[in-house]
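**Q** Submitted below is the structure of interest, expressed as structure tokens.
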Amino acid sequence: MSRRTGGSSVAAVRWRRGDSGFPIMLTVSRPPSLRLHCSSSQRKQTDQKNGRYLSQRHKKQRSSTLSFRKSSPTPLLINHKPSPQTKLEALDAVINDLESSINNGITIDTQTYASLLETCYRLRALDQGVRINRLIPPNLLRKNEGLSSKLLRLYASCGQVNGAHEVFDRMSRRNVAAFPWNSLIAGYAESGQYEDAIALYFQMAEEGVEPDRYTFPRVLKACAGIKSIHIGEAVHRDAIRSGFTKDDFVLNSLVDMYAKCGDIVRARKVFEKIVHKDMVSWNSMLMGYIRHGLLLETLDIFREMLFQGFQPDSISLSSILTGMSSLKLALQVQGWVVRREVQWNLSIANSLIVVYSNHGMLDKARWIFDNMPERDTVSWNSIISAHTKSREALLYYEQMVRDGAKPDCITFVSLLSTCAHLGLVKDGERLFSTMKEKFGISPSMEHYACVVNLYGRAGMVYEAYAIVVERMEIEAGPTVWGALLHACCLHRNVEIGEIAAEKLFELEPDNEHNFELLIRIYENAGRLEDVEKVRMMAAERGLDFLHSDGQKHRTRNTSY
């Protein structure tokens, strides 16, 4: 990397890896008659030959710089700046020097860009990666597949799949290897855009790109995300044809896919084929059984895991504890945890709070919380959720803020639910405002449903309706309209109730509970003809409904 001008001395830039692992820019002074490139194999010899001359010529220039002792007498100089305190600060400093070098007309080699993009990927430093992207010449990025692949992977891993896809589309030789495809498929799958991940996988096959062992786990995750066992089976067949029937990485993903798609028997068959089982294998099978409510099978495979010499990690123990609906079985696992003194692991302690709370053992839940050596947002959310029927939830929230913990969207769902059940309208309004203005949390459907429930339970039905039609920033869903319909039933508001019911019949045409609530509204208003109309509507859909005696009856449409 060098440049040369008229008769003046020119500075070239050289990069080396520092103690922190980041590239460090080293300025090398050169005489006007000398032109060298960093890529030259003779650079070191030239530096040694001219070292003494350069030292004398630039002695004054070194007075304000920091010199590095090297085997070569060539003075390697960098600007004297305060040492960065974090890795991101160090990375920013390197990029600042890189920008200065480019502004001075110095060409940066490809390996430097690649090294910095790799560092950004490992640190998930998206902002710094964007800065580097702006510095890379577009022509270089388009021609160099390795550089493009690293940039694509960075964007995809940081959730910027649109930016990743733009890089992908500009790659001229993207079909040479599976790596860029895998990165983009993973980006879509991790961001919940499962259909796009699957579509990209099939596009990969159409363009003749051979999948590797990293392709299948990523697309199987997408299949599990949309619970499409048919597509998952097709991907399974592709894995067999590609020769990955004994690859543990692929088999673990198949276990997870089949379990999440509802075929726990097939998941177990694949699990048994894994020769070298690891904790991912055991956890996938454990969580599969828990997800299907097979508690005895969960304990059986937990015991088998112990017998095979595997010590359960925090993931498996937390999953078992929170998944046990039976107190007796949950206490068995809790006893194992206590005997091995791992109950103070953060995720395990959080799970114990949930277990005790779910079974009404609030004293034990509070004891665990009070004695935790460390807490995170999940800890606070768990203890707040355990007290949603009392004002203690609000007291825990105040303590949470005082301790410097940051509430999240789940925190405010619990708090707003507490205010709704206790009739604390003013507190609920204050919390809803604080959530947006102080903590920058955009209200979700659950938050709006809680606010509608807050007003509805307090008899403020028209205020609740105003929230739905005037103040919501997103289109109201079934939970919001359902909360409004429930409020109308509670306070006998026929006008708003009819509006809410009509909307729910469109959104949830087969939900008999909505018909039941409207029937009750009409019965309370003495509008028996309308009661019969709603019953006939329910009958046409083959749904259950309530007679005036409070008993459910099944009515079939016999008009045909």
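If you go along the chain as it appears here, the first residue is 1 and each next one adds 1.
Cβ atoms here come from the backbone N, Cα and C positions, even for glycine.
Feature list, courtesy of TrEMBL:
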- 63-74: compositional bias 'Polar residues' (COMPBIAS)
- 35-83: region 'Disordered' (REGION)
- 177-211: repeat 'PPR' (REPEAT)
- 247-277: repeat 'PPR' (REPEAT)
- 278-312: repeat 'PPR' (REPEAT)
- 345-379: repeat 'PPR' (REPEAT)
**Q** Given a Cβ distance threshold of under 8 angstroms, which distant residues of the chain, six or more beyond its ends, lie next to the repeat 'PPR' (177-211)?
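**A** Long-range Cβ neighbours of the repeat 'PPR' (177-211): 145, 148-149, 152-153, 155-157, 159-161, 164-165, 168, 171, 218-219, 221-223, 225-226, 228, 231, 235, 238, 242.
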**Q** Across the repeat 'PPR' (345-379), what does the mean pLDDT come to, as a whole number?
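**A** Mean pLDDT across the repeat 'PPR' (345-379) comes out at 93.
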**Q** Please count the residues of the repeat 'PPR' (247-277) that DSSP assigns to helix (H, G, I), strand (E, B) and coil.
**A** 23 helix, 0 strand, 8 coil
**Q** As a quick check of your reading of DSSP, tell me how many residues in the repeat 'PPR' (177-211) are helical, how many are strand and how many are coil.
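**A** So the repeat 'PPR' (177-211) is made up of 25 helix, 0 strand, 10 coil.
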**Q** Per DSSP, how many helix, strand and coil residues does the repeat 'PPR' (278-312) have?
**A** 26 helix, 0 strand, 9 coil
